[in-house]
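Colleague: So TrEMBL lists these for the protein:
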- A:6-122: domain 'Semialdehyde dehydrogenase NAD-binding' (DOMAIN)
- A:THR13, A:GLY14, A:MET15, A:VAL16, A:LYS41, A:SER42, A:SER161, A:GLY162, A:ASN311: NADP(+) binding site (BINDING)
- A:ARG102: phosphate binding site (BINDING)
- A:CYS131: active site, acyl-thioester intermediate (ACT_SITE)
- A:GLN158, A:ARG231: substrate binding site (BINDING)
- A:HIS238: active site, proton acceptor (ACT_SITE)
There are 2 protein chains.
Amino acid sequence: MKKKFNIAVVGATGMVGQKMLEVLAERDFPIDHLYLFASSKSAGKEVEYRGKKYIVEELKESSFDQDIDIALFSAGASISKKFSPIAASKGVIVVDNSSAFRMDEKVPLVVPEVNPEDVEWHNGIIANPNCSTIQAMLPLKALHEKYILKRVIYSTYQAVSGSGVKGYRDLKEGIQGKDPICYPHPIAFNCLPHIDDFLENGYTKEEMKMVNESRKILHAPSLKVTATTVRVPVFYGHSESINLEFERSFKLEEVRKTLEEMPGIIVMDDPKNNVYPLARISENKDEVFVGRIRRDESIENGLNLWVVADNIRKGAATNTVQIAELLIEKQLL
Amino acid sequence: MKKKFNIAVVGATGMVGQKMLEVLAERDFPIDHLYLFASSKSAGKEVEYRGKKYIVEELKESSFDQDIDIALFSAGASISKKFSPIAASKGVIVVDNSSAFRMDEKVPLVVPEVNPEDVEWHNGIIANPNCSTIQAMLPLKALHEKYILKRVIYSTYQAVSGSGVKGYRDLKEGIQGKDPICYPHPIAFNCLPHIDDFLENGYTKEEMKMVNESRKILHAPSLKVTATTVRVPVFYGHSESINLEFERSFKLEEVRKTLEEMPGIIVMDDPKNNVYPLARISENKDEVFVGRIRRDESIENGLNLWVVADNIRKGAATNTVQIAELLIEKQLL
């Protein structure tokens, strides 16, 4: 008989939390007991999982006194900062979807197809990378292994669901002319070069997440990376224009084959038949879609890619659940 | 007394043609007689200019037998290919907004703030560059003069009005769930990495326009340029993420000052106060908005910019009218 586990979802009523439950059910995750936590505001709400109703409990320090094997956190960085160490100290393994611990040297940052070995050295907390980083890691890892990355230039086209229900609302109501609440400017029919807060160096935190997390996940601490991250009027699915420079020369056909062979990637690249990755095609899919594969003639060993994934699934919920699955597979749970 | 000119607008009922009339009126262009031409389908329509009604005439070879000084063409490449040489042979100076002659060595390709000197060697036809190229040329020229460009990487976020009324319709009705007519995929809540036709090298024509036109306008035939051009669900205003590499080192404050001093540019770059260029702010403006000015630390002398302009105005109608004004200023008309 397959062993079953006691699972907690922290932030169970949020957009990502809800998607985590959907993904856990779809993938038939071996759950014995399911605990759902949220803020006091959402506590008491009823949430369904596989036809059974659960009452959402208020998240407290004592929540983790219960017999929980693994807790999937998606309740924001401040909640994670406070409660993840408490959970870990009580023997719960935390997979944290916030930015709180991603760059902590003692915390692995994992994309299961890319650096599964990193879950092995966890100390109770494993971080799930930023959505825009996760999807880029699959093609970059596949190609880095073969051609060695020198430089990465990201320009992103990110969906409003990355900001949760408020971002979704801003677009939905914005197209009817309502003022934004979540964003400082209207997102409807507009592109905002502004995701997360601005830093002293003129970059946003989102941009620096892409820079720093890419290096950590690829184990390439001196990889040259720059990013411009942009919110676009799309509900689901982040798109990315990625310009790459490699140490080694490549044949375009080899690049395509390498990408096709990478688990988790679907190559969609038949432009003459209008086949290329699209945000709306990525919706509710777990794969990363890669297309517009073409040589950048402006530099030696240059390559342009267009990479799309559902930011709430592969960019958040699915990757988190995959990390939990990996822990089971490696008998670390 | 100021001399007045006989002006023809070819494609007068189209989106850009209409905007040309608006811009001519706003700028008080010295018009004596105004001729409006369009296809037989639109001939006979009434169009207003400064409170006076004009009947749109069908475009014919004989149209240019009339006393016309300058013809502003915006009726697509095939119309331009056929009728521009006829007009020119009859002594009419053509300013052509199509792609028909842009890369013709005998035809100057002009952005008035950037390469005004090129109008002087025209042979009857002057080409207006592609919308996404025009707006990039202003900051690139200003910086190229000072620091010498080595490499340019464009990722664009282009408005549907670049496809004319059909593109506009696809977005407007697409948000209500209607199927697209203009584009091969829904543009509502989606990003299409596909503008104009695909070429054998995997690039779109739009991408290669940005590469080739940038080199021609900047008089930098071996400039290294690559592009990924993307249609986004925005009505008006193209946004561009531009990554630059220069020969010479720079101070960021100098870069900002250089951009501020360039005619036609408005620097909007106060991110801490949420001030940066936006498509919706660019609507109906003639300037190019530049912001998110920041050093790209991944390379020596690297810079990232975010550049936005109204694609129908500075990207098309305004630039065309400015070329006509330049011809007057230089007494070439």
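The backbone N, Cα and C atoms fix where each Cβ goes, and this holds for glycine too.
The structure displayed is predicted, hence computed values, not measured ones.
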Colleague: When each of the binding-site residues A:THR13, A:LYS41, A:ARG231 is checked against chain B, which show a C-beta distance below 8 angstroms?
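Modeller: Near chain B: none of A:THR13, A:LYS41, A:ARG231.
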Colleague: For A:HIS238 (active site, proton acceptor), which of the listed binding-site residues (A:MET15, A:LYS41, A:ARG102) have their CA atom within 10 A of its CA?
Modeller: none
Colleague: Which of the binding-site residues A:THR13, A:ARG102, A:SER161, A:ASN311 has its Cα nearest to the Cα of A:ARG231 (substrate binding site)?
Modeller: A:SER161
Colleague: Please state how far apart, in Å and to a whole number, the two most distant Cα atoms are among A:THR13, A:GLY14, A:MET15, A:VAL16, A:LYS41, A:SER42, A:SER161, A:GLY162, A:ASN311, the recorded NADP(+)-binding residues.
Modeller: 26
Colleague: List every residue in the same chain as A:SER161 (NADP(+) binding site), at least 6 positions away in sequence, whose Cβ is under 8 Å from its Cβ.
Modeller: A:MET15, A:GLY167, A:TYR168, A:PHE235, A:TYR236, A:ASN311, A:ILE312
Colleague: Return the member of A:ARG102, A:CYS131, A:GLN158 nearest to A:THR13 (NADP(+) binding site) in space, with distance defined Cα to Cα and candidates limited to these recorded positions.
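Modeller: If we rank A:ARG102, A:CYS131, A:GLN158 by Cα distance to A:THR13 (NADP(+) binding site), first place goes to A:CYS131.
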Colleague: On a simple 10 Å Cβ count over all chains shown, which one of the binding-site residues A:LYS41, A:ARG102, A:ARG231 is most densely packed?
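Modeller: Output for this query is A:ARG231.
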Colleague: How far is it from A:LYS41 (NADP(+) binding site) to A:GLN158 (substrate binding site), counting Cα to Cα, in Å?
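Modeller: Given the Cα positions, A:LYS41 (NADP(+) binding site) is 29 Å from A:GLN158 (substrate binding site).
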Colleague: Do me a favour and check the Cα-Cα span between the residue listed as 'active site, acyl-thioester intermediate' and A:GLN158 (substrate binding site); whole Å is fine.
Modeller: 9
